[in-house]
Structures are given as C-alpha cells and as structure tokens.
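Swiss-Prot has this to say about the protein:
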ACT_SITE  Cys144  active site, acyl-thioester intermediate
ACT_SITE  His237  active site, proton acceptor
ACT_SITE  Glu239  active site
BINDING   Lys165, Ser194, Arg251  substrate binding site
SITE      Glu113  site 'Important for acyl-CoA specificity'
SITE      Ser194  site 'Important for substrate specificity'
Amino acid sequence: MPITLPNDLPAYDILSNEGVMVMSPGRAATQDIRPLRIGLLNLMPKKIQTENQFARLIGATPLQIDFQLIRMSDHESRNTAADHLQSFYRRFCEVEETGEKFDGLIITGAPIEHLPFEEVTYWEELTRVFRWTQSHVHSTFGVCWGGMAMAWHFHRLEKHMLDHKAFGCFRHRNLVPASPYLRGFSDDVLVPVSRWTEVRQDEVDAIPALQTLIASDQVGPCLLQDTGHRALYVFNHFEYDSTTLKDEYDRDVVSGKPINVPVNYYPDDDPSRAPTNRWRSHAHLLYGNWINEIYQTTHFDLNRIGEA
C-alpha cells in the first residue's frame, strides 16, 4: 500500500522516481480502507530534506499512510520557503484546536542541543505537544533531540554535552531481539550518529519505565522504549540519506569549524571517496516494524485513540 502525499509536495515526485508507492489524496479517497494517520512534527531547518527522509521510510510499508506535516505555531523557519510551509504544513495550534487524532507521530531532532531544554524558544509549546500525545496519539517516535526532549519531559533523563562530537557510523548491539520493533534486526547494527550530546546508560537503567533496545559501547544508548507513554526514543539517525553525514562534514570544513572525518563512513576514511550506505535496510526495518506495531494495536475508530 502507498503513502498519501499532496501531488505538488516535492517528496511526491522524488519518492515516485525511487519506486516508493505514492498516492494522491484524490485516489486515496476512493479506496475503502482506513489509512494509518501519521504526523511529522518537523523541527529541522531543512524541512524538505527531512520530509523526504521520513516519508521514504514509512511509505515503504505494505500499509496505506496518510502523512500529515506539522510545525510549531510561532517559530518561523529561516531555511524553508514560506510558500512551502503555507502549502503543506499546519501549525500545531491548528491541529490541537481541531481535536483530531493520530495513529503515530514522529517528532524530529533540532540543531539546538547546546541549549538547556527550558531555554528553547518553543519549549512551552513543545511540552504541550508531549502532553497532547497522551490523549491524541497512539504511538510517538522522538528522534535525536526530539527523543531527548521527550525523555527529559516525562522522566527527567539528563542530556550531557560531549567533549567531541559523536560523528559517523557506529556499531550498535541489538539488546532485545524479541522486541516487535526489532524484528529482522541483526545482532550487530551500524547506525549514523551526529550529535554533541548524550544520555548515559546508567541513568537510563535507573528509570524502570525505560527499556534500552539498542545501544553502543562507543556512543551509548540508541533506542529506548517507554511503554507507559506509548513512545520510542531514538538518539541516532537511521533516517539519514547516504550523503547526509558528508553534507554535514563538508559544511563544517567550508565554514572552518573543527570537525573530524566521520567514523566508519568513507571507504578507508577517505573523504574524496563516495560513502557507502550500510544502514538503509535496518532503517526500513525499524520504521516498518513501528508502523506494523501501530497497525496491530491502534483502534480502528480513530476517535477512540487515547481512551484508557
């Protein structure tokens, strides 16, 4: 089954050309099936790139997906054209006002990890989003800073600044092979990482409500399950394109910022050579498993989501 996207959203043509099954809203309306309603709260500056990355993953499942783009109400993006935001996004306050519900919500990261959470300009509204998910979303997936922010809000799990940026592709261990979110995962998983902060395993372990599903000896916890809040928190970037780390590295080199060559990414650690994507299959497994678990457990009646 396809993902439903507006015909003029850039991701529509990009994913169609990649072989992802994409359907227009008009065509979707003729099918006698309830699609899964998945929202993307996009906090990233380059919103189109992020839309494409997540739409590519959730659009590859056998289920029909109604993909909804959401942004913070008062934060104005300087890196995405206003007409794109006006055409394809709704402000969270508009979504909240309608009372509508979602089978799933992805909350992205944001390049603001150096700030204490409470100093983020839209923190108050974001905490309102977190509370709203408990009555209006069946399953929430917090990604990188978005996951850290959720874990701080619900559990006061600290984020800690690193002396050096964790940057590259790091080996991770599958700690719970029987988890429905890790079906088909290898025991050893390579995952892109790009962050200046970390959460620490001993502090995660001190919170009984959190279960670590994937972790690395080098860069710590990667994927946590928070059953009580129907949430997953992933601190690394399964969704990254093949060249995302390269783009970040090249950007920092050009701007003169101190940056190391991303670990275990370029062949022979040579930035002049094209990187090889060795995480794509696990990215599809993770988000496909998440979508499948939502499908298996959500209410058929969307309005009943959030009921005890």
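For all residues, glycine too, the Cβ spot is worked out from N, Cα and C.
Projection of Swiss-Prot feature records onto the structure.
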residue	record	DSSP class
Glu113	site 'Important for acyl-CoA specificity'	coil
Cys144	active site, acyl-thioester intermediate	coil
Lys165	substrate binding site	strand
Ser194	substrate binding site	strand
His237	active site, proton acceptor	coil
Arg251	substrate binding site	helix
Next item on the list: Filter the recorded positions Glu113, Cys144, Lys165, Ser194, Arg251 down to those whose C-alpha lies within 10 angstroms of the C-alpha of His237 (active site, proton acceptor); answer none if the list is empty.
Entry: Cys144, Ser194
Notebook entry, point to check: Rounded to a whole number, how many Å is the Cα of Glu239 (active site) away from the Cα of Lys165 (substrate binding site)?
Noted result: 19
Margin query: For the substrate site (Lys165, Ser194, Arg251), what does the 8 A shell look like? I mean other same-chain residues with CB within 8 A of the CB centroid.
Written below: Phe167, Leu245, Glu248, Tyr249, Asp252, Ile259, Pro262
Check: Within the chain of Lys165 (substrate binding site), which residues six or more apart in sequence place their C-beta under 8 angstroms from its C-beta?
Finding: Ser194, Arg195, Trp196, Ile259, Asn260
Notebook entry, point to check: Within 10 angstroms of the C-beta of the residue listed as 'active site, proton acceptor', what count of other C-beta atoms is obtained when all protein chains are considered?
Noted result: 22
Item checked: Count of other CB atoms lying within 10 Å of the CB belonging to Ser194 (substrate binding site) -> 19
Next item on the list: Compute the C-alpha separation of the residue listed as 'active site, acyl-thioester intermediate' from Arg251 (substrate binding site), stating it in Å without decimals.
Entry: 20
Next item on the list: Drop a 10 Å sphere on every Cβ of the recorded positions Glu113, Glu239 and tell me which sphere holds the fewest other Cβ atoms.
Entry: Glu113
